[in-house]
Amino acid sequence: MAFELPNLPYAYDALEPHIDKQTMEIHHDKHHNTYVTKLNSAVEGTDLEAKSIEEIVANLDSVPSNIQTAVRNNGGGHLNHSLFWELLSPNSEEKGEVVDKIKEQWGSLDEFKKEFADKAAARFGSGWAWLVVNNGQLEIVTTPNQDNPITEGKTPILGLDVWEHAYYLKYQNKRPDYINAFWNVVNWEKVNELYNATK
């Protein structure tokens with residue numbers, strides 16, 4: 001198979017009480033695994049099997065039209081979730097160069113969190129909220145479904161899944177509560193690493 005489900009870098013219950021064990025098990029083992037399975041099925045026998053998922057999603061226009069939708073949805077789902085797991089950590093420490101850059105652009109970390117949370121909560125239906133690097137500047141964007149900002153030439157360095165499957169077992173229809181809890185488990189070390197890689 002061309003693409004594989006990555007292991008979580010922590011235990012299923014490591015993010016509790018903010019993200020519960022059952023949600024993590026279903027989200028990783030079922031939802032993400034399904035994206036991988038369907039992506040592999042779509043690209044089987046094509047030259048896409050030899051490409052990285054980042055390269056594929058960044059160049060969706062070059063994907064054959066008969067599999068483009070399947071690759072966009074499932075390739076995006078695989079890429080987004082692979083990144084999402086790494087952006088979470090039970091040891092969240094708000095420090096590093098990216099935090100300084102956020103404070104410089106937004107005035108404070110709280111102002112940044114408020115704008116990010118507002119945009120994540122306002123994302124209609126299923127999708128993602130992102131902090132991206134765009135031409136050297138930080139920007140908050142949202143994408144529908146499993147779309148990823150790299151398709152538009154932007155580099156995601158922080159992402160939040162706001163599909164209901166990411167939070168409904170614990171938070172039901174209270175998406176803002178889930179968004180607030182997210183800040184307790186952000187892996188700022190990884191965010192910094194991704195930010196520094198864009199320089």
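From the backbone N, Cα and C atoms, a Cβ is placed for every residue, glycine too.
The Mn(2+) binding site annotation in Swiss-Prot covers H27, H81, D161, H165, and the record cites similarity to another entry as its basis. Look at H81 (Mn(2+) binding site): DSSP puts it in a helix.
Every protein chain shown contributes to the tally, and the Cβ of H81 (Mn(2+) binding site) ends up with 23 other Cβ atoms within 10 Å. As annotated by Swiss-Prot, Fe(3+) binding site applies to H27, H81, D161, H165.
Cβ neighbours within 10 Å of D161 (Mn(2+) binding site), excluding its own Cβ and spanning all shown chains: 23. By the criterion of other Cβ atoms within 10 Å of the residue's own Cβ, the least surrounded of the binding-site residues H27, H165 is H165.
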